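S.K.: Below, the features straight out of TrEMBL:
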| type | residues | note |
| --- | --- | --- |
| DOMAIN | 66-549 | domain 'Major facilitator superfamily (MFS) profile' |
| TRANSMEM | 102-120 | transmembrane segment |
| TRANSMEM | 195-214 | transmembrane segment |
| TRANSMEM | 220-240 | transmembrane segment |
| TRANSMEM | 331-354 | transmembrane segment |
| TRANSMEM | 374-399 | transmembrane segment |
| TRANSMEM | 420-438 | transmembrane segment |
| TRANSMEM | 444-466 | transmembrane segment |
| TRANSMEM | 478-497 | transmembrane segment |
| TRANSMEM | 509-532 | transmembrane segment |
Amino acid sequence: MEMNSDANELHQIEKELNVEILPGTEIMTDVGSHHFVKGSRHVLVPQPSSDPHDPLNWTPLWKSLAIISATTVSFTQGFGPLSLAPTFGYLIEAFHSNLTDVVRFTGVAILVLGFSNFIWVPLSTSFGRRPVYIVSQLVCLGSAVWRARATTYGSFMGACVLNGIGAGPAETIQLAVIADIFFLHDRGFWNTLYWVFYMGSLMVAPIISGSMALHLGWRAFWWLYFAMTIVSLLMVIFMFPETKWHRLHPDEILKNASTSPLESSEKVIDKKEEVEYSSTAANDNLAREETADRDPWLGKGKPSKQQWKFYQPNANPWNSILMDLWIPWKLFAFPIAEFTAFVVSWSCSSFLTINLTQAQNFAVPPYNFTSQTIGFTNFAILIGAFIGLATNGILSDWISDRATRKNKGIREPEMRLPAMIPYVCIMILGNFVVAFGYQQKWPWEAIVIIGYTCAGIQVASIPAIVTTYAVDSYKPVAGSLMVAVTVNKNVWGYGFAEFITPWIIKQGYIPPIMTNMSLITLWCSFGILFYYCGKTFRRWSRNSSVHRL
């Protein structure tokens, strides 16, 4: 009987709003007699529990400490794999190799990095984010020492593989942390901030490695990487409590409802992760409660002693791990996951193009840049990334909020997709300038200031928009979703690293760069289809088990 009451409640809201509520659809306003826990201006999605240790209830200080620590992990783990570009000449000399072979150092690290998340994400889901961050940073420390001491090509390649394994969480775990501690209306900004710092590390590393290689030798860079990772590891140990928190999904709520109507009514409000509807029809007094009565700990909570332990106990860890190994492959059957994977993969490859070609273009006439100067060109990409941070998060959240108000307080994930439009145009401009500038030896100022800056803007923006869209659509499997995206991205990145140098030698810069740009434009153009049909795609998977994990 209680189960029917809950179902009727949802249908009543759908009827009042004349809208179908699917996974990903969020109610951002009160509806008739249905009231929700609110922040200053928004209904809070997901609804926080009344537990002071719920990460959604933590004070701004604790949330800040956790997100800063997580960001240092993403930054340091991204610092190593793509840092080699300005030092290719030194590596060729040190290992008696050639350009194609030393470029492979980067490609192999990228490939391993993607697949390593089949280790890290299941562990994160089963035992928490904290142990994954600690162990992965220890692996990165080992790879830093190995890279610094390697004396043969094979040894350095082994260190690259180890670095790729350790750096995997940089591409998946922080997005889960953001979903753990921040509400829906804030995630656009925080997801963009994550992308900027992660991609920023890929941009800053070549700047530093080029300069250090010139003045101190290329090995010195890896000792710097070691020191940075130590600092990040200490921050995680002392500033990052566990953020993983189990929230009851609808099936669990309905199961509890059969035992205690009053208790289930409270849990519907306090625990349900998706948009919660209060059981006002069954308990009229509940509708009149103030937000402080519903969740007295909102903004006042703190971590418990249990959340500071190395890992969180799990009664069925193997079931969790096996499920996380399967879910990323299952997600490839979902159109939204495929769309996100392809857009992120090719948007990031636009930045990878610059990383892999800057040395071979600027180290020769008419430029004759040193490794330090080649590294400094990455400042333009970094500045572009900060422009993306300053504009994209605010723009996508504003567009979503505006569309939500027009839609009677109902937010659909697709509402943020129009924010892609200006950044796709910027991406096209940047690729044109880089391709034709390289080929026709334009002044370096045009290539760097326009082309590289555009690359930074788009790579900080487009992936952030589409990953936020996908996570909003499939929040319960955010970690597995990012594994699917990362594997797709890094397989393509490895392939691109393998064939771009021979292709450039054979046909010049324009064919590979413009082909890549055309593919980015093609995948991004599917955003139009998803803007109009995304809800239909979500309807297809509404009964999937991924929404009950």
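Using N, Cα and C of the backbone, Cβ positions are placed for all residues, glycine too.
Describe the structural surroundings of these features, if you would.
M.R.: Same-chain neighbours of the transmembrane segment (102-120): 80-82, 84-85, 88, 91-92, 95, 132, 136, 156-157, 160-161, 163-173, 325, 328, 352, 355-356, 482-483, 486-491, 493-494, 496-498, 501, counting only residues six or more beyond its ends whose CB sits under 8 Å from a CB of the stretch.
Distant neighbours of the transmembrane segment (195-214): 71, 74-87, 90, 170-171, 174, 220-221, 224, 348, 351, 355, 358, 370-376, 378-379, 381-382, 385-386, 388-389, 456, 459-461, 463-464, 467; these residues of the same chain sit at least 6 beyond its ends, with a Cβ under 8 Å from one of its Cβ atoms.
If one looks beyond the transmembrane segment (331-354) by at least 6 residues along the same chain, the residues whose Cβ comes under 8 Å of a Cβ in the stretch are 82, 110, 199, 202-203, 381, 427, 430-431, 434, 451-452, 455-456, 458-459, 462-463, 466-467, 469-470, 473-474, 477, 480-481, 484-485, 488-489, 492-493, 496-497, 500, 512-513, 516-517, 519-520, 523-524, 526-527, 530, 534, 537-538, 540-541, 544, 546.
Sequence-remote contacts of a segment are chain residues at least 6 beyond its ends whose Cβ falls under 8 Å from one of its Cβ atoms, and for the transmembrane segment (478-497) they are 103-104, 106-108, 110-111, 113-115, 117-118, 121, 124-125, 168, 171-173, 175-176, 179, 324, 327-329, 331-332, 337, 340-342, 344-346, 348-349, 352-353, 356, 467, 470-471, 516, 546.
Within the same chain, residues 335-336, 339, 342-343, 346-347, 349-350, 353, 357, 361, 414, 417-418, 420, 424, 427-428, 431-432, 434-436, 438-439, 462, 466, 469, 496, 499-500, 503 sit at least 6 positions outside the transmembrane segment (509-532) and bring their C-beta atoms closer than 8 Å to a C-beta of that stretch.
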S.K.: Let me know the model's mean pLDDT on the domain 'Major facilitator superfamily (MFS) profile' (66-549).
M.R.: 86
